Amino acid sequence: METSNDSMLTEFVLVGLSDHPKLQKVLFVLVLCTYVMILLGNGVLVSVVIYDVRLHTPMYFFLCNLSFLDIFYTSSSVPLILGSFLKGRKRVSFPECMVQMFFSFAMGATECVLLGMMALDRFLAICYPLRYPAIMSKGTYVPMAAGCWVAGFLDSLVQTSLAVRLPFCTKNVIHHFVCEILAVLKLACADISVNVISMAGSNLLFLAVPLSVIAISYIFIVATILRIPSTEGKQKAFSTCSAHLTVVIIFYGTLFFMYTKPKSEATAGAEYQSVIGALISLFYGVMTPMLNPLIYSLRNKDVKAAVQNMLGGKCLIKHK
């Protein structure tokens, strides 16, 4: 553990799963392959939405933002995770830790708000189909998406600024793969009540409010779909929001399970719980961004057709 002359920490140590070297080797390969799939899947989705004019709609614009967000989020954390797998205990400087924590928190907060906006978009498209083009014009959905990013970065700036001001004296071991904000706050040698209150307010604004918007939107969506007379019409309406609902369930389900799991007092139970918690956190940070493009493209005929057209156009250019 390194400290400066005034006994303030200059670095943190990321433990991860250093006590399980065999598991680390397996996870290194899996995470590396998953990261490549995240870059390819989300990269293709962003390219397709930009390339195909038919996909220049509010729904696909939000989806493009979600894919770009997933690339940005994983790129801010996965290299650190892979480094911890290779070295066992990864040493990270204090500034590097704060920067990584800032971007990870910003991406998480942005995704919460963005999923709420996507639910609102589906609500307007299904419940008010005739007025939808006028309501969700480019002058509306572009500021909505920009607002998600601004809100996420501002929230992260507040939380990270409060964390940076805390003194870190002796404890520098973070029981995590990355500099996760809650794990870092536990190491502070000062009162963190202000941070706790700020985090509670952040959770209310960026978790509870978007989740409420999503829940209310889908109540109206389901009610509207049930009033559609034809079975084909019901299936078509439901297919337009089923992918988003699946992503919401995976995202919020993993998030709530990760932060609301019960604590074990037994030593053996605590160690087992620590491993399970780390794996759940890894799933949240790596698997969810990989699943998003798969969920949105597997059952989406428009995306499939756009990919085929894009690949066909490139092949035609090469042939010429």
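Our numbering is plain: 1 for the first residue shown, then up by one each step along the chain.
Quick reminder: no glycine exception, Cβ is built from N, Cα and C everywhere.
Automatic prediction, not curation, is the source of TrEMBL annotations.
For 26-53 (among others), the entry in TrEMBL reads transmembrane segment. Tertiary neighbourhood of the transmembrane segment (26-53): same-chain residues 17, 60-61, 63-64, 67-68, 70-71, 74, 78, 81-82, 85-86, 282, 286-287, 289-290, 292-294, 296-297, 303, 306-307, 309-310, selected by CB-CB distance under 8 Å and a gap of 6+ residues from either end.
Residues annotated as domain 'G-protein coupled receptors family 1 profile' in TrEMBL: 41-296.
Under the heading transmembrane segment, TrEMBL lists 59-86 (among others).
What TrEMBL lists as transmembrane segment is 98-120 (among others).
For 140-164 (among others), the entry in TrEMBL reads transmembrane segment.
As annotated by TrEMBL, transmembrane segment applies to 204-226 (among others).
Positions annotated as transmembrane segment by TrEMBL: 238-260 (among others).
Summarising the annotation, TrEMBL assigns transmembrane segment to 272-291 (among others).
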Quick one: do the transmembrane segment (238-260) and the transmembrane segment (140-164) have at least 3 Cβ pairs under 8 Å, skipping pairs fewer than 6 apart in sequence? no
Applying the under-8 angstroms CB criterion, which one of 59-86, 98-120, 140-164 scores highest with the transmembrane segment (204-226)? 98-120
Within-chain partners of the transmembrane segment (140-164) [C-beta distance under 8 Å, separation at least 6 from its ends]: 58, 61-62, 65, 98, 101-103, 105-114, 117, 121, 181, 184-185, 188, 194-195, 198-199, 202, 205-206
